[in-house]
């Protein structure tokens, strides 16, 4: 119910709408006025009733009755007005109560909304912690699995007594922890004999003797003696045979090896470029010795981190060896291994997997699934998988390598082999024990990556004993053990036994 009143002095300006408080105040004033008016009318009605009761029949009686009726109507109107005013006041009180309740509910809604925001934030934080916990649990389970795998490797460890009796490892210029099978059974004399034929031309006996001396001095770290020896021999060869002679190229290659073992990669690279030019001119661009020199150059470029320049050299060496030796020759597999390592350092993992798969098929076809070269190739491929975070594939390869059929019997187990197999079994046990050490390092890297730790890259050690082999690229006789290559640490570089960085 609303009441419109005209404000004083606002005639002709339209009605003014009162506020609820003003309306209630004026209504109460009206109620007071009506109550006073009702009291007056009750008094007036009483006087009229007394007058009518004491008045006899006369002309004034009719007028009194008429006045009494008017007063009665006024009283009814006053009572009606009072009733409406009371209803208006009650309605106003009810509206006020509703408004107060509305404000209270709004305040409660705001408080609940704020609490809802807090609860939502707490829920998000709880969900985040839950996800982190689930990831941590998954990581710990994976880590536990690989630690169990590392524990299984320990059953093949030699006893502590034999470990203590072994001579301490050399801290010289060896670049790899895994010498090839060929180098393990060759001494300097055997190496010199193997170098008697060098890509179809005869190496003089004096050059072979000099080569053996260089091996000896380089193995002792006496480079101040080895380098002048090489340079003097190189000058003598150039005076006697001229610069463009295969013997000069061989001597350049030997000197490059010495510089490489001193980490003088630039000088070694320059010498190998010279040797490559001589061999291409004297032996032809598709001679196995040219392929070996190309491979050696690729190795040196790889050691200097220039993988993009090394890759085409390695690819050309592969093409020459495929053409000359055949696509299934072990030297082709070695070259594929080097090419895979170069691609791996450039992040070309599809090419890496393809090259390793082909090398693996060559070694399996030549030596069967138990050939140590097969295990080493699988280890290289597993390392590539680790770099791609393909932990499952890497672990499967490691387990294949460590399968019981591929491993020698643990130390202390009964020996059922014949006496004639003892030397070969010993070499095989030594080689596979080194593979196990490489696998253990790979698994430790895997666990470290799961823990978010960066695997510390070991400082590369040079390899003077690689001077011990003058690689012969002619086809090998059936049954000859093919040279194996080395498995190295991250960051991965071309290993010494795959480098063919020899004086051919």
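A Cβ is built for glycine as well, from the same backbone N, Cα and C atoms used for every other residue.
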Annotation phosphothreonine per Swiss-Prot: which of the candidates 416, 493, 498 has it?
498
Pick from 439-471, 472-504: which range has region 'Disordered' per Swiss-Prot?
472-504
Go ahead and report the DSSP secondary structure tallies for the repeat 'TPR 4' (333-366): helix first, then strand, then coil.
31 helix, 0 strand, 3 coil
Among 207-240, 249-282, 375-408, which stretch has the most Cβ pairs under 8 Å to the repeat 'TPR 4' (333-366)?
375-408
